[in-house]
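Asker: Here's the feature list from TrEMBL:
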COMPBIAS  373-388  compositional bias 'Acidic residues'
REGION    352-388  region 'Disordered'
REPEAT    77-118  repeat 'WD'
REPEAT    119-167  repeat 'WD'
REPEAT    268-307  repeat 'WD'
REPEAT    308-350  repeat 'WD'
């Protein structure tokens, strides 16, 4: 092996050098029509008020609205100066929430971009947010905001006033994923599932009339081997899917009380690396992987149908937009937002092109100088691996 005099190569492993070289070789790839952002993209959320827009959060602290039709990305929300890995929207889509490494949560007016509220209460990074709507005129209207943190707590807030209402305790490590069950949701109760840097998925019954009477189910769901990065009720049937550091995405039956742990999973999609996100689009299950790929699986058979290649670093999140929900949006640590058509004809064409080798090589991010310190870069790596 030849030796390099480049001081930047000191202490790097052969694997890391090979990875860097491979990513550098991807520099001119335009697959997925990339939109370049300022820094590493940590999360993506579809805009319920527009079929062409998404919100993304970045490692530099900015949250921005991106229009996939015009490529506009100038609508930015600024308050945080460190990574903001968690975003959520109110039920009416008019209030945007961002949770940050600075331990706080900011609420912005979507149109004016003015800060409406700051939520303070966590003692470590905020890693997950969930908005739960409440009926007009009810005690907690317009809704509750739940936040999960590296401090292991889930705080329940009054979303309008910023008042800290209750703390849910049960996790032994950081909380990085939360989702509400749309089937079990009533005017009185919301059933919420939470997960993070441990294998357990926990279920909570959140009282929408008296938050202090909320409780956790007695037995956590144990279907994964290690950290769980994403929880989704997705698709027409609102199936429950999870994505994990155990290299799998799983469809888990969370509604059959008779099923025991180890018997709840009915579909396992195996990957070569961590799975960061998962969603269902019609007959397809889409996954985002740390190996830089976006995969399309047949929901019925569990077979891999196609792989969208284009990102030059791990894919951190997925979203569906379009009037028919047939445009897939992926975001990545490579600082890009990319879009992939799921229209049947377009998907067949992409599959045929990949099979014949007529597909552009992936693209490495065009970062420019890092906006993080060396210590913050290490912390960001830990965040993405969800290892405390």
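Every residue, even glycine, has its Cβ placed from backbone N, Cα and C.
Curation plays no part in TrEMBL annotations; they are all automatic predictions.
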Asker: Would you list the DSSP helix, strand and coil counts for the residues of the repeat 'WD' (268-307)?
Answerer: 0 helix, 26 strand, 14 coil
Asker: Can you tell me which parts of the same chain pack against the repeat 'WD' (77-118), counting only residues 6+ beyond its ends and a CB-CB cutoff under 8 A?
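Answerer: 40, 42-43, 45, 47-49, 55-65, 124-131, 133, 142-143, 145, 147-149, 157, 159-162, 372, 376, 379-380, 383.
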Asker: Looking only at the repeat 'WD' (77-118), what is the mean pLDDT?
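Answerer: It averages 98.
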